[in-house]
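Some features that TrEMBL has for this protein:
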ACT_SITE  B:D429  active site, 4-aspartylphosphate intermediate
BINDING   B:D429, B:T431, B:D868, B:D872  Mg(2+) binding site
BINDING   B:D429, B:K430, B:T431, B:E530, B:F571, B:K594, B:R627, B:T707, B:G708, B:D709, B:R842, B:K848, B:N871, B:D872  ATP binding site
COMPBIAS  B:25-40  compositional bias 'Acidic residues'
DOMAIN    B:149-212  domain 'P-type ATPase A'
DOMAIN    B:894-1148  domain 'P-type ATPase C-terminal'
TRANSMEM  B:92-108  transmembrane segment
TRANSMEM  B:114-136  transmembrane segment
TRANSMEM  B:314-337  transmembrane segment
TRANSMEM  B:364-383  transmembrane segment
TRANSMEM  B:925-946  transmembrane segment
TRANSMEM  B:958-978  transmembrane segment
TRANSMEM  B:1008-1032  transmembrane segment
TRANSMEM  B:1044-1063  transmembrane segment
TRANSMEM  B:1075-1099  transmembrane segment
TRANSMEM  B:1119-1142  transmembrane segment
Amino acid sequence: MAMNYNSKDEVDGGPPCAPGGTAKSRRPDNTAFKQQRLPAWQPILTAGTVLPTFFIIGLIFIPIGIGIFVTSNNIREIEGNVFMYYGLSNFYQNHRRYVKSRDDSQLNGDSSALLNPSKECEPYRRNEDKPIAPCGAIANSMFNDTLELFLIGNDSSPTPITLKKKGIAWWTDKNVKFRNPPGGETLEERFKGTTKPVNWLNPVYMLDSDPDNNGFINEDFIVWMRTAALPTFRKLYRLIERKSDLHPTLPAGRYYLNITYNYPVHSFDGRKRMILSTISWMGGKNPFLGIAYIAIGSISFLLGVVLLVINHKYRNSSNTADITI
Amino acid sequence: MNTERDSETTFEEDSQPNDEVVPYSDDETEDELEDQESTVEPEQIRANREVEDNREPFRKDCTWQVKANNRKYHEQPQFMNTKFFCIKESKYRAANMYFLVLLILQAIPQISTLAWYTTLVPLLLVLGITAIKDLVDDVARHKMDKEVNNRTCEVIKDGRFKIAKWKEIQVGDVIRLKKNDFIPADILLLSSSEPNSLCYVETAELDGETNLKFKMALEITDQYLQTEDTLATFDGFVECEEPNNRLDKFTGTLLWRKKSFPLDADKILLRGCVIRNTDFCHGLVIFAGADTKIMKNSGKTRFKRTKIDYLMNYMVYTIFVVLILVSAGLAIGHAYWEAQVGNYSWYLYDGENATPSYRGFLNFWGYIIVLNTMVPISLYVSVEVIRLGQSHFINWDLQMYYSEKDTPAKARTTTLNEQLGQIHYIFSDKTGTLTQNIMTFKKCCINGQIYGDHRDASQHNHNKIEQVDFSWNTFADGKFAFYDHYLIEQIQSGKEQEVRQFFFLLAVCHTVMVDRNDGQLNYQAASPDEGALVSAARNFGFTFLARTQNTITISELGTERTYSVLAILDFNSDRKRMSIIIRTPEGNIRLYCKGADTVIYERLHQMNPSKQETQDALDIFASETLRTLCLCYKEIEEKEFAEWNKKFMAASVATTNRDEALDKVYEEIEKDLILLGATAIEDKLQDGVPETISKLAKADIKIWVLTGDKKETAENIGFACELLTEDTTICYGEDINSLIHTRMENQRNRGGVYAKFAPPVHEPFFPAGGNRALIITGSWLNEILLEKKTKRSKILNLKFPRTEEERRMRTQSKRRLEAKKEQRQKNFVDLACECSAVICCRVTPKQKAMVVDLVKRYKKAITLAIGDGANDVNMIKTAHIGVGISGQEGMQAVMSSDYSFAQFRYLQRLLLVHGRWSYIRMCKFLRYFFYKNFAFTLVHFWYSFFNGYSAQTAYEDWFITLYNVLYSSLPVLLMGLLDQDVSDKLSLRFPGLYVVGQRDLLFNYRRFFVSLLHGILTSMILFFIPLGAYLQTVGQDGEAPSDYQSFAVTIASALVITVNFQIGLDTSYWTFVNAFSIFGSIALYFGIMFDFHSAGIHVLFPSAFQFTGTASNALRQPYIWLTIILTVAVCLLPVIAIRFLSMTIWPSESDKIQKHRKRLKAEEQWQRRQSVFRRGASSRRSAYAFSHQRGYADLISSGRSIRKKRAPLDAIVAEGTAEYRRRVDS
């Protein structure tokens, strides 16, 4: 006899017919939504839609792939702007412990964070009772080799190639994310009360002589702080700008690379590289995408053919007659 | 051992089960089911115990004390306390605990791998939605409560009646109620405006019975408590039972004026009833608020869960195990990596000299946090939302709305919808479910002559004859249709005396109450059959007009005559008949009797000329599935009556076993009867029953009919609703008993009672082929399932075992008996399931539930029970899904059901359309849900191979936070609500589509693992294609060639586009909302990402939003877009290819129908124009089963219901005390 009684039933069930005949009908509304009759498109995978899709994708992907591949392979002549990268391998810049070891407030010029960096920066938060600026493991391990490039001309004195330091970081990083702390006339005053990261030779306000490329907004620093996705990575080091349309930026010849070696990589079995490259409309040299596009395009085309054959084979058997229920 | 031999030999010993009788009394349904032990207690012992209980009357249980007009005497908290806002019940406890643990883990700095908001925001959202849902429910309930609580009634305060709100009513208050008031609490009736303080109540809210009930106050209170002053000074003291949920029982005593008066349920007005036909009444509040019987009843909700729920839980556990294993593997990897690489990487120095294994241990927890999204956080709440929506669609369905009664279908539970698509067995009640339970007088047999066919006054049969015109009869109600003009001719001519006698009997021999309103006669009958008979007599000119305690007034073809009633020999389920003894104005004494043919034929006089003809007529009626009653009468000599009357008087004041004594006395006079004829009442099949049954049968759903009717009736109804056909072989109890017996022997030979440990052999009981049906009665059911045996062993068990040895033996034999019983049950179920239809007749409510339970237990199939009456409640509650028909018998079945609607035929729509859709939607939803979480989460796994297993995430924290909440939730929710593979019309046209649900084809462990595999592959593609692209350089301008943030954005974008396109592929019913949600989700992702990566937000929260500029810098580059496009294409193209292939090579039925949708639609329209809907097939009938309710005879003869002059004071007091003494004695 148990029942789910609640007062709702009592109210609903009320006097069966309220005197006066004002009883409201409980008839459900006849709307398309409530009756589940909303107008709808009911796509099904028919040969008419699926096969063209595969062929079209094949026909689109293969040319794209060839385009990418060719472009990528053409990035060879040292024409146009030349980008100078340094590469590191077996360097886990994406290690969680490493990635989080920074204080974005501090880097954004927040004065309180400058003097009191986030706990995430441990153990590179304070040194000798002074806050470290910039704090954290990423900053501490900043790449500090110096690379210089010389062209050995016909005459014996090598000509240094002009390497541009600025313009290598994202605009947003340089202008939004990284800002020097406010106040003070000189940069040194602004960073007063802080100390340099343990591994650094110079404090942060002595990274460069150009005031627009010093302190937190030093572009080498910014580039380093944008951590890499994978343990083998390259980072933009310098730009070699094209001088005129007539001459290649880096003419053929013998070059001489002078490396001031500061950065130890042997302990973790790492490698350092220097890469010179131009870029195209789709970035630097990377054959993967081109090959992938060609492969997927071909597979898609092939699949289309296979499906066409199968569909042809089974077409006859799909009549309404074989709805067996 | 005694017991054992006993159980082995019962077959031989016991006589054959009796097909006619219902095995044992079935009135107490609920308690019997709850307490299995007491049910098997033998009748005899129960009877003895009752006697014992009565000997020391009810005092020991009576601990509830109420003092009238004294509220302080019984302090009680009042009325419903609405609970506002709770962070949900047990359902979510495990899930909530999980997320709480995650939050705690995240608070540990060494472990925390994600920002705190990544789990908190989704959790809060989930809790928020749950809370809002609860809140909405609560507000609605609160509003109802408020409305109910603020209803008013009159309460005595400071000696006067004052208007008070319901919520102010307290135990001990004396209140006054008016006509048509709802009763606010359980109250003791003190007095009323009616004579003898009678009070009429309508109990439809409680038991659904629409006829009025009578409640009577004690004589003493009736006498003294009529006025306001006396009521105000009333200081009676009531001692009674504690609040309980038995609606039909009440024991207590009223102590007043130093006398005690017994109270029973007849004097209690229960909350929820409505006062009718009574101007006002006074009562004392005994139970209020939550203590009322109806509220006590409401708490008992058996929480049902679906198969998918269980499956889903197991899958979540599986995923949880996978999570732990994967985390452990990665943790080991990390420990190894630290030892090999990490320890030598100076740049990773963190100042803590932790060992690699300790770091690995910490990283284990770190990965648990990072990969927690594998276990879908919003799964449970999403499932709930979808089910809620589907329930609303059921409620809104116009095609399940019954306009005649203004009853829409109602999903009373919102948690079972998809199970409707998996039903294997339907257990249906007959009366009121398959049939309409509206009785109409169809035919009769008078003196051997059958009347009721279509024919004119000169006995010629026509098919198109007009209805009989009853205008000559001023009392005719105009609703009655009859086609035999010859019968009218007979009545009017009076040629055959028996014809008039026949209708006179119908007009006089009953316990119907009459109510005259503005010259309109209103009959209140105890059973619909009786009402139909009296109304028929009225239309044929023998109108029952009025009755008093000892007279009855009939209008016989216009002449009013009053007869004195000497005795009413009331109906009960043992007697199956009722008689009345009257004295005609001429002074003759006559007995009129009507009852079941079996009992009447035993009591007929030897010389009855029409005996055989009537018997034939009864057979004809039964084959036409009409319900029959036999009518007979006899003349009684004055002397004989006087003698009998003495015995009758003695029996009616007997102090012990009065009912049995009365039965015996009745038996003495009800003999040598003269047969008048038989009536045939039609209980029409509901519309569309055969069509529905055949549809459901085509959907491979087995239908079992469980009914209290007798075998022949049940068989007839089986034919009527096309459950049985001409070529069906019907097996009966005795056939299958021997089959099972042989099977048991075989099994015993093979391995004794331990045969169940042997590998199960599936050998059919019947040879293959052929259509079989099983018709079995309740008694046979007991016989076959050894129910009797337990009774017997119980008796033995009652004796206390003397020695340890004996006890051991006894438990051993008991265990053996249990095993045997179990095997018999299993065999029975196997056998029954081989039959295409099963009809169980003469079964009690308990047996109905037992049969359902057997199938549930041994077949592991999803069961549905459908019924309309109180006797179906057990069955409805036992089955996986209970459906209540809100029909004639009222609310009780509906109140314990999960779904309710007005007509049996709506069942096909509920199952084949709503059930199927819900199942498909839920399966698609779950499959996609698991897929999308795996595709999302496992990218971290692949990434960990490239970051030293350091638990670095592959996405931005904010993306992880919002992915499940915003970027991928709405499309799948909408698909879960709106998707339909084929339209409702086609679903109904091809019932075979339903079998996918029965066979669990769309969601099972295989499908689950396929989804996971799909997710894993997608995550691989999502990671490795961008990885390839990022290996060397990226970036049009050469800056930041392969930084982490761009990489994260690339993968995330590819992921969002992929999963949203994937749901697009899964959606087969694209409405504009679906399209909007899919493209909206993608747009939302990009919008939010650009916002979060903007300069402004970084300036405000430099630490929280670190991806500044990433979106704009990365997505500006064609290279990244090409990567994203390639990734999405590689994720989706194989899916399209595989689906296309499977549709071409192995198309499912649904695929085929979808493919030819247009043609089928055109075909349908063409057919509709062609064919005329078949109607009239439902004019088949069902046969007799006397209503199981006791009539009003007691009330009539005690004169209480009839207005009479107020008896002198002392007489009433004397009568009251006499009654009291009588009750105490008995």
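Cβ coordinates are placed from backbone N, Cα and C, and glycine is handled just like the others.
As the structure is a computational prediction, the values presented were derived from the model and not from experiment.
This view paints the features noted in TrEMBL onto the structure.
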residue: B:D429; record: active site, 4-aspartylphosphate intermediate; Cβ within 10 Å: 27
residue: B:T431; record: Mg(2+) binding site; Cβ within 10 Å: 27
residue: B:F571; record: ATP binding site; Cβ within 10 Å: 26
residue: B:R627; record: ATP binding site; Cβ within 10 Å: 27
residue: B:G708; record: ATP binding site; Cβ within 10 Å: 24
residue: B:R842; record: ATP binding site; Cβ within 10 Å: 26
residue: B:D868; record: Mg(2+) binding site; Cβ within 10 Å: 32
residue: B:N871; record: ATP binding site; Cβ within 10 Å: 25
residue: B:D872; record: Mg(2+) binding site; Cβ within 10 Å: 32
Chain residues outside the transmembrane segment (B:958-978) and at least six past its termini with a C-beta under 8 angstroms from it:
114-115, 117-118, 121-122, 125, 373, 376-378, 382, 385-386, 389-390, 921-922, 924-925, 928-929, 932-933, 936, 1048, 1052, 1055-1056, 1059-1060, 1063-1064, 1066-1067, 1069, 1071, 1073-1074, 1077-1078, 1080-1082, 1084-1085, 1088-1089, 1092, 1105, 1107
For B:R627 (ATP binding site), the three-state class that DSSP assigns:
strand
Going by DSSP assignments with H, G and I as helix and E and B as strand, what are the residue counts for the domain 'P-type ATPase A' (B:149-212)?
7 helix, 31 strand, 26 coil
What residues elsewhere in the chain lie close to the transmembrane segment (B:364-383), defined as a C-beta under 8 angstroms and at least 6 residues from its ends?
91-92, 95, 98-99, 102, 105-106, 108, 111-114, 119, 122-123, 125-126, 129-130, 312, 316, 319-320, 322-324, 326-328, 330-331, 922, 925-926, 929-930, 933-934, 936-938, 940-941, 944, 951, 953, 960, 963-965, 969, 972-973, 976
If you measure B:R627 (ATP binding site) to B:T431 (Mg(2+) binding site) at Cα, how many Å is it?
11
Per DSSP, the residue listed as 'active site, 4-aspartylphosphate intermediate' is which: helix, strand or coil?
coil
Do any residues, 6 or more residues outside the transmembrane segment (B:114-136), come within under 8 Å Cβ-to-Cβ of it, and if so which ones?
84-88, 92, 96, 99, 102-103, 106-107, 369-370, 372, 377-378, 380-381, 384-385, 388, 953, 957, 960-962, 964-965, 1104
Quick check for the class: what is the C-alpha distance, in angstrom and rounded, between B:D429 (active site, 4-aspartylphosphate intermediate) and B:N871 (ATP binding site)?
9
At the Cα level, what's the spacing in Å between B:F571 (ATP binding site) and B:D868 (Mg(2+) binding site), rounded?
24
What three-state secondary structure does DSSP assign to B:N871 (ATP binding site)?
helix
Rounded Cα separation (Å) that holds between B:T431 (Mg(2+) binding site) and B:G708 (ATP binding site):
9
B:D872 (Mg(2+) binding site) to B:G708 (ATP binding site) - Cα separation in whole Å:
10
What does DSSP assign B:R842 (ATP binding site), in three states?
coil
Do me a favour and check the Cα-Cα span between B:G708 (ATP binding site) and B:D868 (Mg(2+) binding site); whole Å is fine.
13
The domain 'P-type ATPase A' (B:149-212): mean pLDDT?
80
Rounded to an integer, what is the Cα-Cα distance in Å between B:R842 (ATP binding site) and B:D868 (Mg(2+) binding site)?
17
Under DSSP, is B:F571 (ATP binding site) helix, strand or coil?
coil
